[in-house]
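For reference, the structure discussed in these notes is given below.
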Amino acid sequence: MPAHTRSLASKELCMNHQQIDAADKTERVTVGGMQVAKVLRDFLTESVLPRVGVDAERFWNGFGDIVRDMTPRNRELLARRDELQAQLDEYYRENPGKPDPEKYEAFLREIGYLVDEPAPAEIRTQNIDSEIATTAGPQLVVPILNARFALNAANARWGSLYDALYGTNAIPDEDGAERGAEYNPVRGQKVIQWGRDFLDAVLPLDGASHADVEKYNITDGKLAAHVNDGIYRLKDRDAYLGFTGYFEDPTSILLQNNGLHIELQIDPTHPIGKEDKTGLKDIILESAITTIMDFEDSVAAVDAEDKTLGYRNWFLLNTGELTEEVAKGDRTFTRKLNDDRVFIGKNGAELTLHGRSLLFVRNVGHLMTNPAILVDGEEIYEGIMDAIITTVCAIPGIAPQNKKKNSRKGSIYIVKPKQHGPEEVAFTNELFARVEDLLDLPRHTLKVGVMDEERRTSVNLDACIMEVADRLAFINTGFLDRTGDEIHTSMEAGAMVRKADMQTAPWKQAYEDNNVDAGIQRGLPGKAQIGKGMWAMTELMGEMLEKKIGQLREGANTAWVPSPTGATLHATHYHRVDVFKVQDELRAAGRRDSLGKILDVPVAPDTNWTDAEKREELDNNCQSILGYVVRWVEQGVGCSKVPDIHDIDLMEDRATLRISSQILANWLRHGVVTEEQVIESLERMAVVVDEQNAGDPNYLNMAPNFTESVAFQAARDLILKGTESPAGYTEPILHARRREFKELHGIK
């Protein structure tokens, strides 16, 4: 497809989405010159604004002013994306294959894709909570539309190491230690031994092993570990912080290593404590230090009802009032946010630790619009809407009198994804300032997490950082989305390497290195997080324990995990690696020259794959696309464990979908596969996905009526229209198909 045609098609996908469907039946109320869905207006006007002391008329008028003032600039930024993409397409068509490095870089600078690096300077962020600034630890990402998931994640600040080990393949199912319906004491002993080995590694005793300890108690204001008739102390005397219970017989002992807390829980009457000579029933680890409540890639929020549900959950998390009725077996209980944890400090005073994860909220990017609010019959940009509403809903989370407040520093943390270069980051900075003024919040109350997941941001990362130097809270690599943009940006250059080979392509490691180097050089350590991406294989925790520690050794002080259990296991890595020391070493070594490698386009050196290899790539990606899309479109599930073609559960969201659809669109564009082969694979894989979902009573089969399956048609569009979709994003097609399905089935 010629470059200008791709650009026009991209605009058409977006503009069609902005104009409200004539069949729209949403009940609306006019406020602030906007037509707002009544369900959203009522929630904000009746539930939120009175609680936060904001006048409703002033709020809605100011809301409308921000939308009208900032919409033209938002449109300009999207038009600039299309303009640059058209120029890139033309360049690749004239220079197919891997570009000449010097000429390519010069071209990118000429068209403004690459900008000059800003002068040496560091970020100036203030009032950052310690969980972000000075604590290294795991980060969860959870869909905000699911209250149970949100509560589980918020409460995942503390997690049972014993449960995490026993319930996963972190302890191999072998040698009599297999998992089963009943408790396996052989497995239990392996868990206990793992825990003792861990304590010896990260909190060693001076002259003894934790495995030999017969009793723990407190003497002379210190932890006493009794072995035979001797008393042994921790090598690090400062590691002991406090206890609960009595000096002689504590019920818990609080320790600290690398800034993270460890709680030894003691109960000789407990089934596990009975088997342990010290009465130790569990080792509780500080786990998910921070959590991102997600309105973006892990949710399917396509209309006012969906958005209002998410906003309500976010509001109640900030008030501390979110609850959920949970059924387990024949009993039902109410899940709520955990209280803070209270100990007796080693000085005898009360010591209180935060009981919940520190929460970020991820807004959507600059591309999408949403029918929850209209202006002159057109949907407003969802990113502007998110910025205003997630902020006003977060105000209770900074209220000093709130016992379950989120931030003790008075900051609201917003992750902004899918930004292309410093101009777009500057737009976010301006938007946040407008929101602060609307809500009478001090300047830079809103902190921003900048996702480094688009190519134009990666190659201009320093400039992006400095555009938000007064409000930056993190930078984070998102390899999955970043790969999707890598493919789409250079779609016309030629056929790309296979999806799995992207992991070892030169640009990938250079991209990861550059993120850390830029963060360190711009002064993030001690002020903001430098993060890395998700471990997607939810059931392979043993493999995660072995491999994910590598992200810390590369300089990340946080990395994403798919579950509270994953957070607890990943937390052990931060005890074994002092990340801030690693960052000091990287700073001393000097910044690596990464730009040339980042610009290395992953065009395949040759395309002589065998028919079997092509079929494997087709089937793997088609199965992945269908397995995710069918739940997104027909069940409104934006993030879930999706079995791959080998029945291995993978945590899938829109980022993984973007890669799978873009690689096939690329191969189709360059004749590696044909449209007929794509359709044939989709139809075969639909049968596989149907079988994988056979146990779900709410599931609708895609086969054999493929033309009637909305999900199948969505998957087909994602591939066949993949070159047209702006930046390879899947949202325009997914949103349209989800709304179609809801309309067909009368779902609100």
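In case you wondered, yes, glycine gets a Cβ from its N, Cα and C as well.
The annotation in Swiss-Prot ties ARG362, GLY478, PHE479, LEU480, ASP481 to glyoxylate, and of the candidates under consideration, GLU325, GLU453, GLU512, the one tied to the same site is GLU453. The annotation in Swiss-Prot ties VAL141, ARG148, PHE149, SER298, ARG335 to acetyl-CoA, and of the candidates under consideration, PRO525, PRO562, PRO602, PRO605, the one tied to the same site is PRO562.
The Cα of LEU480 (glyoxylate binding site) lies closest to that of ASP653, out of the recorded positions ARG362, PRO562, ASP653. Between the two most distant C-alpha atoms of the annotated acetyl-CoA binders (VAL141, ARG148, PHE149, SER298, ARG335, PRO562) there are 22 Å.
Long-range Cβ neighbours of PHE149 (acetyl-CoA binding site) (same chain, at least 6 residues apart, Cβ-Cβ under 8 Å): VAL142, PRO143. When every Cα pair among ARG362, GLU453, GLY478, PHE479, LEU480, ASP481 is compared, the largest distance found for this glyoxylate site is 17 Å. In space, ARG362 is the closest of the recorded positions ARG362, GLY478, PHE479 to ARG335 (acetyl-CoA binding site), judged by Cα positions. Note on PHE479 (glyoxylate binding site): other Cβ atoms within 10 Å of its Cβ, all shown chains, come to 20.
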